[in-house]
Amino acid sequence: MMMGRLVFVIWLYNCLCLLLLSSLVDADQANIDCLRTFKSQVEDPNRYLSTWVFGNETAGYICKFSGVTCWHDDENRVLSIKLSGYGLRGVFPPAVKLCADLTGLDLSRNNFSGPLPANISTLIPLVTILDLSYNSFSGEIPMLISNITFLNTLMLQHNQFTGTLPPQLAQLGRLKTFSVSDNRLVGPIPNFNQTLQFKQELFANNLDLCGKPLDDCKSASSSRGKVVIIAAVGGLTAAALVVGVVLFFYFRKLGAVRKKQDDPEGNRWAKSLKGQKGVKVFMFKKSVSKMKLSDLMKATEEFKKDNIIATGRTGTMYKGRLEDGSLLMIKRLQDSQRSEKEFDAEMKTLGSVKNRNLVPLLGYCVANKERLLMYEYMANGYLYDQLHPADEESFKPLDWPSRLKIAIGTAKGLAWLHHSCNPRIIHRNISSKCILLTAEFEPKISDFGLARLMNPIDTHLSTFVNGEFGDFGYVAPEYSRTMVATPKGDVYSFGVVLLELVTGQKATSVTKVSEEKAEEENFKGNLVEWITKLSSESKLQEAIDRSLLGNGVDDEIFKVLKVACNCVLPEIAKQRPTMFEVYQLLRAIGESYNFTADDDILIPSESGEGDFIEELIVAR
């Protein structure tokens, strides 16, 4: 009898374990399906979602996707999706319903349009942060949005919402941050909890909102009388104008379509500046001839898409040719939130930062809300394009002396920023996409100091995990814990660049040719994870780019690889070397090449000065 009970208990325990395991597997698959369907439901012209590659069976692999944060790194359960400023298009993606544990959704500063789903509360019932600002969403704000009872933050500003605000919004007891400014809303503002004390600007620039904190609403009879008068006048006016409007659009239609086709996608902002062409460009070198915005427009053919050199988190870089034939690079900053006065002050500071291994900032221009920076042109473009070209058939790999020269020069420039520049600068965006090369393959670092000019960083985990101000694959792991930028974070990012130079692999993914097979094998992870695996197996030599081997410099290559490992493998940031130490190690390896001139880097004090740089020009 006792034996029978024991067998039953064991059977029941096994059944419960199998049931739990099955539910976990189903939940993982639902989250994977959520992101896969989400990706298919939106347009991604800038290919920021290219890291969303499915089919990997590794636990937690979707947690490495750009903009995605998981509850735990070793399980496919999505905590938040943050895709602000990705340039995505489409309607509100209903696929988010499959991410059942989602608590944060940020689709701000994209090109989403159309109405919000009426059943939005059933799609994201547990979300605490919902940011849909700076899009083109339209229609009425759904009444059922008030059923997302855990909402702490609701940002709907800068859209095209119409109608009235649902009075049920006042029932959101946890709401602390809220804005509906710059829409087309009318009617009374809900009677929010008085302790919230929402400011007027959170409701500003709508058609006719009223009630606290705005002006009191008028009486119903007065409103009805006003409506009658407006309707009568509007009817007479409409009757007189309707024929003219129809004819106007009839004759304009073909021209508008043709103009849209001729207008390269992405430069409408430039055409809107035609009335600002007389705006002067501030140049740091007084010897340079005076320039105006019209000169920049002409040099870039009104910032045509064909002249784009690269697009990144800080903005888009264009190639420009002046009338005298000289070339320069012009960066359009992405959503700088600084006032013109603050921006001028920052530019004056950055304009004084000069070093052989930094891209010289020649000048800047402010026109309306646009911020344009002028840089010296670099003939060999970005290091990323030299290592990972789009056309691999005509690709000629960089030889080892060129790669070592790039490594030493970049290390020297970054060490100067950390240890000798006044003010000291933490870059925060080091990658092969911010290292430009001259005609002689002399490296120059760009984007230094730009993090402070971008949108203020929030404290959300995904900001750091996914590199809001750092390219995906280069961000030091401690950001997800400390949420503080440090020089050792730059050291980690530079270590990844060194790995790219030695291996020829991309930071975000690895493609290696098997020694046993002639086919390609894909390692399921990023470059640092691959190096970590090879290091644990004592197989680091397998990581080296084969085009570099057998030329009598194998010892130098392996030494640089070891320096890179010292930068990226320690889990504790303090165990990494300083940039000054990294530079000294690389300089010693390349001593026979005579790459570097006299040092202009101050030797750090023994007090650890390099670890505690005052962040004068970094993101707040």
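Just so it is clear, glycine is given a Cβ too, placed from its N, Cα and C backbone atoms.
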Checklist line | From LYS292, LYS331, the one annotated by Swiss-Prot with ILE309, ALA310, THR311, GLY312, ARG313, THR314, GLY315, THR316, MET317 for ATP | finding: LYS331
Next item on the list: For the set ASN147, ASN429, say which residue Swiss-Prot annotates with N-linked glycosylation site.
Entry: ASN147
Margin query: Looking at ASN193, ASN594, which residue has the N-linked glycosylation site feature per Swiss-Prot?
Written below: ASN193
Next item on the list: Report the largest Cα to Cα distance, in Å and rounded to a whole number, among the residues ILE309, ALA310, THR311, GLY312, ARG313, THR314, GLY315, THR316, MET317, LYS331 that the record lists as binding ATP.
Entry: 14
Next item on the list: Measuring Cα to Cα, tell me the gap between THR311 (ATP binding site) and ASN147 (N-linked glycosylation site) in whole angstrom.
Entry: 39
Note to self: Taking every protein chain in this structure into account, which of the glycosylation sites ASN111, ASN119 has the most other Cβ atoms within 10 Å of its Cβ?
What the structure shows: ASN111
Next item on the list: List the other residues in this chain whose Cβ sits within 8 Å of the Cβ centroid of the ATP site residues ILE309, ALA310, THR311, GLY312, ARG313, THR314, GLY315, THR316, MET317, LYS331, in sequence order.
Entry: ARG332, GLN334
Next item on the list: Could you give the residue numbers and ranges of same-chain residues that sit at least 6 residues beyond the repeat 'LRR 3' (150-172) on either side and whose C-beta is under 8 angstroms from one of its C-beta atoms?
Entry: 103, 108, 126-143, 178-193, 202, 209
Next item on the list: Tally every other Cβ atom lying within 10 Å of the Cβ atom of ILE309 (ATP binding site).
Entry: 18
Next item on the list: Using C-alpha positions only, work out which of the glycosylation sites ASN56, ASN147, ASN193 is nearest to ARG313 (ATP binding site).
Entry: ASN56
